[in-house]
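*Asks:* Attaching a single structure in structure tokens format; questions to follow.
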Amino acid sequence: MKLLKFGGTSLANAKKFLCVADIIEKKNKKEQIAVVLSAPAKITNYLATIIENKIDDEVLKKINLAKNIFIELIQDIKRIQPLFPYENTKSTIEIEFNKLKKIINGILLIKQCPEGIKPIIISRGEILSVDIMKNILQSRNHEVTILNPVTNLLSIGNYLDSTIDIKESKKRIKKINIDQKNIILMAGFIAGNKEGELVVLGRNGSDYSAAILASCLNAKCCEIWTDVDGVLTADPRIVSNTYLLDYISYQEAMELSYFGAKVLHPRTIEPISQFQIPCVIKNTNNTESKGTWIGKENNPSDNSLKGVTYLDNIIMFNISGSCLKDSGNTIARIFTILSRESMKIILIIQSSSENQINFCTFEKDIDYILLILKKEFTLEIKEGLLNDFNIVKNLTILSVIGSNISEKNNIASKIFSSLGSSKINVLAIAHGSSKHSISIVIKKENLLQGIQNIHNTLFFKKTIINVFLIGIGGVGKALLKQILKQEKFLDQKNIKIQFRMIANSKKLLFLKNSINLNNWEENFKKSKEKFNLTILNELLKNTCDSNSVIIDCTSDYILSKQYISFIKKGFHIITSNKKANTDSLKYYSEIRTTALKENKKFLYETNVGAGLPVINTLQSLFSTGDCLISFKGILSGSLSFIFGKLEEGVLLSEATKEAKKLGFTEPNPFDDLSGIDVARKLLVLAREIGYSIELKDISIEPILPERFKKYQNSEEFLFKLKELDSFFSERVNKARDIGNVLRFIGSIEKNGKCSVKIEEINSNNPLYKVKNGENALTFYTNYYQPIPLVLRGYGAGNDVTASGVFSDLLRIIL
């Protein structure tokens, strides 16, 4: 015997009803099947609104609407399965809804709805589901036995939330003679009290019915069919990268359900656990999925984690006072009164000082709990033995579930670390006595961030880097291409880079999970979200996961002034933008102080030498005790190209024009020939070495006369540049005559004196052969002398710069 239960989403329309019938038929070929059915999706909730709201003449219209849903359902079934007995089924539907109308008319006369009538109204959907399924199966030549839950399942409790007496129900069902070849059908959600009245079983009552019937029939397995593949590691609606759990124990399932997992209710697990009946969660829409099995305890050595859940709309009562100290009586009174009034207490946390206790409950009960506690402790409050109740609202409880979780190393520390990375405060923590759960209380506004962080840290097998990219010009686009190309390599290293935002100066593309890099340009063009700093800061406020990084591939000064704010929000910063590192020494220092305080990384390898490992090499050298003696370098790819062409006999104006055409220069080449860009790079190096200087402290010997500043138009500038062709040709020739070449060089002396100028160098100089856009940096240090440390390679270009940014990105997790 196997029991199958199908929920409302599995019976939402005609096609799904018939799909369920197919599953039943297939299973019935192997063994006898008992089936518990819910009402079609939304029907029970729809009928519940009738009894929850004021009952008036409008209710009859709602009854007709509900009836029409069923009529349309069986019409569709008839079209798909012609042998279905439509008229007989329609007649049953008419009879049931006529009963409802008579009940409603009676209620209208007496102006109230008796408690015993409410379950009759809201259970019509389940009863009709069974009749429809019976007719589908019989039209396919199957024998069907219908179990009446009112006469066979004895309930204890109120009309709308009863509990089943399993022992008595077993006796009743055992007396029924059911043919072995018959398919058994029973309406879920329904039972009967000792007076024989129909009652219902409360929230998730159909699942509970299924577990009870499985116990009564001694079923070898209870299959719960729903619209998900099984139990996932978290709610996929709010958490990315969830995955299906193959197996969980009864206790783990109980903890998951208690702390918010929506797949099963704790009451459902109790009977299958008591009678050791395996349970499997299956997907009606994906019958091939293996589902999640729920069974006996895991192997004691299995410490694997099973899920992270949440309960929201939580409040926390803080109760304090001298009467709590050394007095178990006061605490007992608190929880006795709450239990007597059926108030659900989710967590209890007692202060080590013994004069304070906290407990969490649902926000909807706040007023009533306050009322009964104030009434119970009127004297203590009046005498000052108990302080006014402090209530913290808008909270969420996050819980991590797993076998022997208390014995698993570092779980709590990992939870705190993952939340700390996004500056989420933990207000309280509780450890389950079963050793299967750890629960923490946080602010509701931090739910999405907190649960995603914890899940990524504990359950996702890869290290995730969340990227917010600003700037999609040449470097930004090249970076996206490189990361897409390296996806397989990253996957092998268990690294997942997720782009959450891509932006330029006008608009942005943002996704909660990850932007698909295969078609990001197409989606970016479709995006209508504008970009400005106000919008950006608002967006970043609640989106900082673990390892969240802002990458600045712009040259925007205003954006660079936001770095401290970004770091304080929990983001690492990677920038190819030199503006921050060449700003005032005060701002330069503040960024680093903030990054250190917030435990965030500020990386800028591409500020000097593009993809060359300049900054990282310097930091490694000086952190191991080396000291600079002197530095000389060619720091501009455009000037490296231009001066190399001069050496070959090309005129200055022609060399500059060619450099611009090849993309080496800025839009107006004056910016390159002014030497200011080289000075900025030199400033970055000098500060990295340890010199506290400003840009104005660097001596710049200009390549061009002052008058060339006024030519802001690049065409005009290049035309006027011809005036200097003969001067530079003559200077190049003079140097050549004695075996020298001209190079534009940045220098740092041991005393921190920095200069940028044209130098004439001979063939013994390491910079002699550097041209064609290459950069070269020579460091004379205590460790590297008399032969210097030389770093040489292309120091300009989108691909090499992007590779430097990519390298910094991987350093975030290394």
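Heads up, the Cβ atoms here are built off N, Cα and C, so glycines get one too.
Worth saying up front: this structure is predicted, and the values here are computed from it rather than measured.
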*Asks:* In Swiss-Prot, Thr554, Ser555, Ser576, Lys578, Gly797 are given as binding NADPH, so which of Val441, Val467, Val475, Val678 is in that site too?
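*Replies:* The record-listed residue among the candidates is Val475.
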*Asks:* Under DSSP, the domain 'ACT' (319-400) has how many residues in helix, strand and coil?
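*Replies:* In the domain 'ACT' (319-400), the DSSP-based counts are 35 helix, 24 strand, 23 coil.
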*Asks:* For the region 'Aspartokinase' (1-248), provide the mean pLDDT of the predicted model.
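*Replies:* It averages 93.
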*Asks:* Please give me the binding-site residues out of Val475, Ala610, Leu612, Gly797 that lie within 10 Å of Gly663 (NADP(+) binding site), comparing Cα atoms only.
*Replies:* Gly797
*Asks:* Starting from Lys578 (NADPH binding site), work out which of the recorded positions listed here (Lys506, Val608, Lys681) have their Cα within 10 Å, and give them in sequence order.
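*Replies:* Those close enough are Val608, Lys681.
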*Asks:* Quick check for you: of the binding-site residues Gly474, Val475, Ala503, Lys506, Glu666, Gly797, which have their Cα within 10 Å of the Cα of Val608 (Na(+) binding site)?
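*Replies:* So the list reads none.
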*Asks:* Can you check what DSSP calls Ala503 (NAD(+) binding site), collapsed to helix, strand or coil?
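*Replies:* SS state of Ala503 (NAD(+) binding site) = strand.
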*Asks:* Ser555, Ser576: which of these binding-site residues has the highest Cβ count within 10 Å of its own Cβ?
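*Replies:* Counting every other Cβ within 10 Å of each candidate, the maximum falls on Ser576.
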*Asks:* Please report how many Å separate the Cα atom of Lys506 (NADP(+) binding site) from that of Thr554 (NAD(+) binding site), as a whole number.
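*Replies:* For Lys506 (NADP(+) binding site) versus Thr554 (NAD(+) binding site), the Cα atoms are 13 Å apart.
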*Asks:* Measure from the CA atom of Glu666 (NADP(+) binding site) to the CA atom of Thr554 (NAD(+) binding site) and give the result in Å, rounded to a whole number.
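*Replies:* Checking the Cα atoms of Thr554 (NAD(+) binding site) and Glu666 (NADP(+) binding site) gives a distance of 13 Å.
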